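The domain 'DEAD-box RNA helicase Q' feature in TrEMBL is assigned to 397-425. Per TrEMBL, domain 'Helicase ATP-binding' is recorded for 428-574. Marked as domain 'Helicase C-terminal' by TrEMBL: 608-748. Residues or ranges marked as motif 'Q motif' in TrEMBL: 397-425. Residues annotated as transmembrane segment in TrEMBL: 32-51, 63-84, 104-128, 140-161, 173-194, 200-226, 281-305, 317-336, 348-368.
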């Protein structure tokens with residue numbers, strides 16, 4: 001199963017389910033990740049650019065102050081919500097630190113503080129005097145401590161805890177490193193405002209040290225990232241905005257080294273540091289270094305623009321990295337213009353500023369929409385908390401405890417489900433949190449609802465309309481299983497406005513293509529037919545997706561693990577409820593085995609069938625080969641014991657008709673091969689008879705798993721063995737399958 005959820009921002013909808021303010025606020029607090037500080041970074045750099053704009057005016061100065069105050073309010077608000085998050089839910093702190101992606105955004109907090117300190121130097125110091133300088137200096141030292149902690153700790157965590165390879169390298173790795181670069185540049189601003197030469201000198205020295213920490217590490221990371229791009233090509237569209245991040249350390253690094261050189265030109269002679277001309281040397285070196293870094297950044301800007309324009313990235317919080325990275329690059333451009341006797345950089349800086357401001361407005365509008373809808377409040381680290389409130393549904397067996405939309409809950413109630421199975425308790429919360437899941441659960445454990453419930457909820461939260469196209473794609477290996485999944489999906493979406501459909505072999509391609517063009521929000525497909533439509537439909541666009549993949553199987557074989565490696569994002573959540581189970585089959589199943597000679601076997605099975613058909617029961621008989629199924633189908637129907645057959649040599653339409661005829665009937669007999677042993681849910685089956693022994697214990701598990709499904713399912717099975725096959729029972733015992741010897745289960 002591979003649902004892919006579109007990145008389109010949710011639209012306001014009158015069908016929205018009302019949620020209490022307390023519940024909504026709690027969700028906001030729990031899902032308030034450090035990435036929100038990227039907004040204050042981007043907003044702060046807009047205030048800086050408007051203040052520094054070469055062709056300035058009073059109205060731009062006043063506008064920069066307004067944006068600065070707004071940014072300050074946002075920063076304080078975000079700090080309060082973050083503090084509330086880790087105070088109320090302390091377990092999230094460690095989970096966030098250990099998360100390979102969410103933790104990287106910790107660097108956005110000290111960087112936001114650095115931008116605010118720079119604006120305090122620009123605006124508050126001239127207006128308020130010495131105490132504003134002291135405030136800026138104090139805040140800068142706080143920034144130094146937090147920046148160094150983030151810059152040292154998070155890269156070391158990547159080295160020691162997380163499993164990485166060259167394909168997983170992203171420019172997000174720059175975020176904790178850039179904190180030192182931003183802090184160094186801010187230090188140059190603060191040193192220039194300090195009236196005490198000694199204080200200014202030591203602030204300058206610390207700033208150079210921070211620059212020496214951040215810039216080389218950033219260059220090393222860019223080398224790795226360039227290697228990753230040449231080998232594994234561009235990142236997917238969902239994260240393509242990260243290609244702008246290299247502009248951050250290069251742009252701010254250039255601005256910082258120029259600003260520090262400018263301050264050194266004054267402070268070094270005043271404090272008799274090194275030699276009288278040391279300040280001039282450092283100043284010239286800073287300007288040349290900044291010019292080189294600006295040229296290096298220009299190359300990354302060209303590649304970023306080409307990549308972003310080619311991939312059509314959907315909106316996400318990564319767009320704010322574009323605002324900040326291009327903003328600091330623009331700031332470096334403006335500073336170069338101030339040092340050069342030429343208007344080239346002044347004009348270029350003004351053009352860049354206008355573009356960045358326009359993009360900031362666009363990002364703000366999308367962010368406001370996502371904030372109102374709640375779609376942006378998402379913390380992937382919560383999926384790693386087995387006992388957190390977000391995962392509390394894992395500890396509860398009641399479906400009513402899930403925070404589901406009323407329409408979904410209404411559909412589940414109509415289906416008659418009240419309790420969650422173990423795989424559902426463990427899988428639904430992380431899928432809802434956006435985590436890729438690799439799930440293993442025994443046959444009949446409720447895997448279908450384990451992924452259908454969360455994907456229907458995700459579709460509902462995205463407010464997808466048929467015109468938006470497919471939001472969820474479910475891939476099924478067989479037609480019968482696809483039809484079954486489609487039936488469950490149709491029941492779950494009965495009260496939703498979203499549409500669902502199915503495409504599979506044996507049906508009319510043109511009719512399917514028409515339905516796809518009209519729009520199916522949830523699509524169930526078999527692989528062959530899906531590939532056929534992908535090849536032949538020009539409008540089947542799937543590049544603008546943010547993928548969320550869940551792969552469920554009754555057994556985690558080597559093939560399943562290989563498939564997971566190529567289809568799931570790095571670091572999927574592995575859920576295996578089998579490891580904690582005493583038996584490999586469901587609890588409500590009573591099993592037995594009978595040793596019977598070959599010449600008496602058919603008489604035994606015929607007697608059982610006649611006796612239980614008289615009680616109006618449903619029975620499934622597994623036989624080893626297609627020819628044997630055809631033989632016994634003709635024989636039993638001839639002697640007036642009506643049966644249906646299911647085997648691979650049947651035409652697909654007849655096979656499907658026989659299966660659904662048996663499923664919908666309240667009584668009857670189905671004789672089949674192992675084609676019916678996987679994935680099919682045969683409701684209200686009372687008996688499963690294994691006329692021929694399976695080849696391996698796993699096949700036995702799949703056969704008996706056709707009944708007693710879910711939390712309240714009951715059923716009986718009997719395995720008929722030839723005397724020479726008695727040793728097979730030992731293999732079943734090793735596979736944690738227990739069968740009562742020598743008798744049919746008494747409850748039958």
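Each Cβ is built from the backbone N, Cα and C atoms, and glycine gets one as well.
Heads up, TrEMBL stuff is auto-annotated, nobody curated it.
Values in this document were obtained by computation on a predicted structure and should not be read as measured data.
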* Grab the pLDDT values for the motif 'Q motif' (397-425) and give me their mean, rounded. => 81
* Grab the same-chain neighbours of the transmembrane segment (140-161) for me: Cβ-Cβ under 8 Å, and only residues 6 or more beyond its ends, written as numbers and ranges. => 97-98, 100, 103-104, 106-107, 109-111, 113-114, 117, 173, 176-177, 179-180, 182-183, 186-187, 190, 203, 206, 210, 213-214, 217
* Paired segments the transmembrane segment (32-51) and the transmembrane segment (317-336) in contact, 3+ CB pairs under 8 A -> yes
* Structure fact -> Grouping DSSP H, G, I as helix and E, B as strand, the residues of the domain 'DEAD-box RNA helicase Q' (397-425) number 17 helix, 2 strand, 10 coil
* **For the transmembrane segment (200-226), sequence-distant contacts whose Cβ falls under 8 Å of one of its Cβ atoms, 6 or more beyond its ends** => 137, 140, 144, 147-148, 151, 155, 166, 169-171, 173-174, 177-181, 183-188, 190-192, 194, 246, 249-250, 253, 256-257, 260, 263-264, 267-268, 271, 273, 300
